[in-house]
């Protein structure tokens, strides 16, 4: 993250600070055993799932994890962290809360793209020496090529890695926890959005990357204190991504290739509320959702770093700080599963001075600060200078902690994650291992997700200067379970048929269409729009305008979806449209306004909205839950039924007129259903395992299926009921 140039001491300071930043930022990467390097691997023709790994520029220092140590045969995509954004001639983050307050001049004589004046919003190298100037990864290359032409460093090594592994795609990741301070300023203005987007294309072409990944932490709320932030970030983020997509598509057409666009996102309702995430999902290739760091050293009570499912014992259960809760929040907001890669951490988080609790395992226990106010243990790469982060590499845990040196491994069967506890030091560590990874890869398959993303590639089981781990790597486990590049099968599954093709507007010479997004086992990359049997055009969006038509003529339109492997869906239902008379234009109704809720229960939500207007006449309204149409109404109210208790849903409404034109959606309304009430225990009732009841003011969970009888009250029969 820092520009270390060539000073060893600076490199060490950089690394230790960046390790702490990573603990806060929690991006994803895929560490792996050092087996590939420049040696070619044998990739499958088309992997079934994405396996995305993050490589950090600072990992080459104290951890001594080089590009040549990457097991590229187990990856489909590699994200390089991080590039920064230039603003007023400087980059970096001087915020009082920033882990590194240093800033640097954007102008750098060692970097060709940065030799002169650098406009606001330009993507710049985060650490030029490690990125392009270091001669170590480029033996035999002339020093001048390294020092003034920027042809060396990690970027040079990545080009060699890609040459040996042609299936591998690389993306430059911009921002991160420390360097998200200027995203809001860039996104707020059309001019700086254009600068950013054009600089992304120049960056990819110059340094040989295949795409750009935005890690804005975070829109609206700002992340670190001092970061630029504004309420309009919600809409501006969409505009920024649209501009980037436009420039990438144009560059791809000129270069004969497809450039990728992804983002990293927070695993919370707050992130979804603060963005137009359903629109973003239609723009980007996929979203790397950071389903980890749900708990950490900012809390004084132990908990799980990355639980898969809810644990009824969790004191923070109502916050939905678990992976499945986050995924359902995104799906309910209209994000298809195949646009989400699931974040998997290759590290653990720890607390110390924590009571063992009744179970003796330290889980969900308060931790007492020591004389120095510290309740966080020293992590793998912590030093006296950096202080304690409680951040442990998985390789360190496997080599030195799991059932060693006083630590016992425990398993949380509700959350499906392991944890460690040492009763002597009272240290608790939550982490992921092969067992929890198996549950998470199964979840990826069952939920139809795009794949896995991991932070970061240096932390897996390997030999490092601090530890020696000789077991299996988590990356190998992920690739094995998901059919990664080393052992996958060709993708022959076509996307689903585009549904609900609708007329948006028409004139005497044009017709504008929209349709629902298709799904795919890997990911949809675009749509082909047909006018009769002829291809009218291709788009990555779910809207398209056909021009050059004849007035008062009837046309038939169909849409097909396609994926990266070249599979094409069947055509959706044909839509017949007659163009208008010469010089006339038919427009859709106005969007319904002021969508609100008037009542809700644990399974229903009542909606109302203001009427749309139309020159022909509105004939009805369609109600959407996410991207799914759940009903229609001829009035201005609708009751949505069949919902799940204590779950957030996002609703929109569209108006229809007599000509069949559909309005833009109303404002999106997110509503959380009420929590389900727990019934009181009664005799002569058939109870199932895990049913909850109340008795004498306390809650009990059924342990064995049975029909209750008088005298079998929960407080009296421990074999049937467990006190919660």
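Note: Cβ is positioned from N, Cα and C throughout, glycine not excepted.
Lifted from TrEMBL, the feature list:
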| type | residues | note |
| --- | --- | --- |
| DOMAIN | 49-485 | domain 'GH18' |
| DOMAIN | 497-582 | domain 'Fibronectin type-III' |
| DOMAIN | 591-676 | domain 'Fibronectin type-III' |
| SIGNAL | 1-28 | signal peptide |
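The helix, strand and coil residue counts that DSSP assigns across the domain 'Fibronectin type-III' (591-676) are 0 helix, 48 strand, 38 coil.
When DSSP labels each residue, the domain 'Fibronectin type-III' (497-582) comes out as 0 helix, 48 strand, 38 coil, counted as helix, strand and coil in that order. Within the model, the domain 'GH18' (49-485) shows a mean pLDDT value of 94, rounded to a whole number.
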